[in-house]
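Enquirer: I'd like to ask you about the structure that follows.
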Amino acid sequence: MKAQAIYNVPRSILGEGPVWDDRLNALYWVDIIGGKVHGLKDNRVDTVFQINDFVTCVALTSNPNYLLVTLKDRVVLVDVNARSIVKTLAKVDEPSTNRLNDCKVDAAGRLWFGSMDMNEREPSGSLYVLDPSGTVRKVLSGVTISNGIVWSLDNKFMYYIDSPTRKIMVFRFDLDKGELMNKAMDIDLSRHEGIPDGMTIDSEGYLWVAMYGGGRVLRIDPGKRVVIDEVDVPVSYTTSCTFGGDGLMSLYITTARNYPREVEREGDDGKVFIANTEIRGYTANKYLVNL
Ligand SMILES: O=C(O)[C@H](O)[C@@H](O)[C@H](O)[C@H](O)CO
Ligand SMILES: [Zn+2]
């Protein structure tokens, strides 16, 4: 399977965190370094939020006019029409050399979000959960680059990536409590090109993992822990993916430029790519807000 660049999207420095809003038929993604949330709807691109900070992840809420956005060390609620922050929902205490990174909403409407060492060396990062009530809990520490988060279709497992380990961790998951239980066997991706970054799941329960530096997205059977298919992307820094479009049958893939050395080079790196998988994805969960 091959992916193609969407011609009219801007090149991000570090494109990340794509999420499809099935209520609006819109794709959102972030440019972490550029400090932006972009939206794509009816073939039109719009910058829906911009700030002089890292914009590390975007998530849907139960109200389509509001998004959750994670910055360097905060989770904020953004009014999409006003393009501004309504309020800060949580702030985490992290070393100044850390920033937040990927996030995902679970089936109970909680936001899971993690942090990373910006030097990509120290295991100084953590994984947090923000409940709809506004309470934040730290659920894991000792993470170096917190990345992809996904739940099995029955919510009995959570899959989680700390990129430098080149593995997908598998946890038993308690959806009612929002807790990780015992760890099952990891899925080792160290024999594949690139390092595992963002991921999503399809309606058949298979994982799709963007391989940063590998220019591809792997489709993985998490039960057998094997790669069963892949999407070739014509640029190296594939960062994350999500299903969207008509019937959720297309895979949208974010990418980064080969920064900072080649920031000015022309090309498609940093754009969003699309692959027609003819496999259905799943609908993104929404964080529960009362507005
Ligand atoms: O894409 C991400 O999740 C991070 O924001 C990136 O910084 C990469 O993971 C990292 O650079 C890999 O080495
Ligand atoms: Zn990532």
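Using the three backbone atoms N, Cα and C, a Cβ is placed for every residue, glycine included.
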Enquirer: TrEMBL has Glu16, Asn147 down as binding divalent metal cation; which of Asp93, Asp197, Asp202 does it also list for that site?
Expert: Asp197
Enquirer: Name the residues of the same chain, 6+ apart in sequence, whose Cβ is under 8 Å from the Cβ of Asn101 (substrate binding site)?
Expert: Glu16, Ile32, Thr56, Cys57, Phe113, Gly114, Ser115, Met116, Gly125, Ile145, Ser146, Asn147
Enquirer: In angstrom units, rounded to an integer, how far apart are the Cα atoms of Arg99 (substrate binding site) and Asp197 (divalent metal cation binding site)?
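Expert: About 16 Å separates the two Cα atoms.
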Enquirer: Counting every protein chain present, what is the number of Cβ atoms, excluding its own, within 10 Å of the Cβ of Asn147 (divalent metal cation binding site)?
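Expert: Here the count is 28.
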Enquirer: Find the average pLDDT over the domain 'SMP-30/Gluconolactonase/LRE-like region' (14-257) in the predicted model and report it.
Expert: 98
Enquirer: For the recorded divalent metal cation site, whose residues are Glu16, Asn147, Asp197, find every other residue on that chain with a C-beta no more than 8 angstroms from the centre of their C-beta atoms, and list them by sequence position.
Expert: Gly17, Asn101, Asp102, Ile145, Gly148, Ile161, Ser163, Gly198, Ala210, Tyr212, Thr239, Ser240
Enquirer: For Asp197 (divalent metal cation binding site), which residues of its chain lie six or more apart in sequence with Cβ-Cβ distance below 8 Å?
Expert: Asp102, Asn147, Gly148, Ile161, Ser163, Val209, Ala210, Met211, Tyr212, Thr238, Thr239, Ser240
